[in-house]
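Visitor: This is the structure, below, for whatever I ask next.
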């Protein structure tokens, strides 16, 4: 991957030309956009937010251009110019840790906030010394050095079991997950399927994992929801969201675990409203973007005064957006009509597995 030069070029277009930022779609004077060395242009606020989110999420093995089709790596000096000093230092520290963690023999010091480490030098050599604070510790149980066999921390074991922590298959670090989709990103940068614990790559079948490992492993709850989707469709959004949500594991959310049934009830109750809003926005958003792109391509603002231009855009919006919303609704109904067939197929596969 090519690396972007550590500087920002201003656009050389006419200052009076309005240009849309590809991230937020807001229009700016060309002079207000930052042009990367790869040629892509973004507004300063979006670039700052993009970098901040990537660093805070730990996705910094390589921060590339926000354009999904561009793999140009952002240079350190460029990142430093757009984020705070504290965030840039965090960026450098986490990247250093990622590089260190690629060594399978590295063990981090157990002293809180130390940040030091040591390396396993060979079989049976369990006593390690931190390179930073000189603390002697055990490579087996990752605690201060002791004689004799290791005693596992029962509290730690209970925490791992009760909160359903899993190990990263790449760096072996424990991963703690809140609710949400089954895709998680480890601090080492690996993207992992929470269902099967494997790396998500081209060979990974997310559909099978979501169903329990195979198409014959789907739960009866999901099968019933699919078969009766014609009746349950106003509440499908709530039911399916609950079905595919993980247990709440985020430390900030554990105090709400006892209220989870209440939140789920509210989710199902509001599902019809959420479905209507999803269909509306699912059609209005692309419809509005299409109208704006048509107006931009035909250069309405340049060829006529602003009042007439706005009137034409409004008429186009009233003509195009309802059609696209209707198409989205029809597509939803067609998919919903096929869901019972999917449910029956999963039921047949499940019964076939039982008979084998």
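Cβ atoms are placed via backbone N, Cα and C, with glycine included.
TrEMBL annotations: computationally assigned, not manually curated.
Feature table excerpt (TrEMBL):
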{"type": "DOMAIN", "residues": "17-221", "note": "domain 'RING-type'"}
{"type": "DOMAIN", "residues": "21-66", "note": "domain 'RING-type'"}
{"type": "TRANSMEM", "residues": "220-242", "note": "transmembrane segment"}
{"type": "TRANSMEM", "residues": "262-295", "note": "transmembrane segment"}
{"type": "TRANSMEM", "residues": "315-339", "note": "transmembrane segment"}
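I'd like to know what surrounds each of these features in this structure.
Guide: When pLDDT values are averaged over the domain 'RING-type' (17-221), the model yields 80.
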Visitor: Using a Cβ cut-off under 8 Å, which residues of the same chain at least 6 positions beyond either end of the transmembrane segment (315-339) come close to it?
Guide: 226-227, 229-230, 233, 236, 279-280, 282-284, 286-288, 290-291, 294-295
